[in-house]
Amino acid sequence: MSLVKPAALFLCVALAGCAGKSGSADTSQKEPGKSPVAEQAAQTDKLKASESKKAEPARLARAAKAPAEQGAKKVEKEEKKSSWWSFGAKGKESDKPAQAKQAKAEATKVTAAWLDEHEARLKAAVAGSKFEVERRGDVLVVVAPVDPSFNPDRPHMLLPVTLGPLSRLAKLVAAEGQMAVLVVGHADSRGDAVLNRKLSLERAQALGSIFRMSGLKGDRLMLRGVGSDKPRATNDSVAGRASNRRVEVLVTVRDSLPALVAQNDR
């Protein structure tokens, strides 16, 4: 009886030890190294984490750079806008000398000094021709006699000899913005008065065309034909009638031209 109990106790201890080993073996079998799929997934996650970690500085740099780029674009836009406006302002500034020159031209008045200067220049322009330069009050007058200036067969057509002095005269006037002219054609009293008036206007137009080709136009050039209404000599003689057949170029300043035209039309 005393031997049975120790044997039974020994058997129980042995069985318990076997069971422990078996459990340990099962546990070691259930927790082996990870499967290939799990390892691949783990490596992928690790790679993504590494790449994300590497990309983080670049992302932060881009995030920091974005406001600067936006600011630069805004500044560039403002500069373009400013440049456009400054261009406009520059254009306006460049217009100021022209505007000042125009204002000065419009404000020019006829003075003795102005008459002296321009009379000399007009005489130089028509030197060597049959044209004459006269001073009548505050107006300078270039007189072109008809007989040596117009074709006798075509009485409204200028002769070639007149083109040189007329071109120089026209260029002189056109080059100075403050100068203006009234071209007036005259005739003698022979023949029909209506035809004489028409012919005198055609002769004025012939001279006026030279001024137009030189750039004179608008409110700086006016044309009139008065026929025999304003003779400068008697029509009773050949010399007197020849003196009355003429075309006059009345030179003045721009502001005085309307008054000069009104005076001539009376």
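In case you wondered, yes, glycine gets a Cβ from its N, Cα and C as well.
A TrEMBL annotation is a machine prediction, not a hand-curated record.
Per TrEMBL, the features are as follows:
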SIGNAL    1-16  signal peptide
REGION    20-104  region 'Disordered'
COMPBIAS  45-59  compositional bias 'Basic and acidic residues'
COMPBIAS  60-69  compositional bias 'Low complexity'
COMPBIAS  71-82  compositional bias 'Basic and acidic residues'
COMPBIAS  90-104  compositional bias 'Basic and acidic residues'
DOMAIN    137-255  domain 'OmpA-like'
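Taking DSSP states H, G and I as helix and E and B as strand, the domain 'OmpA-like' (137-255) has 49 helix, 30 strand, 40 coil. Mean pLDDT, taken over the domain 'OmpA-like' (137-255), works out to 96 on the 0 to 100 scale.
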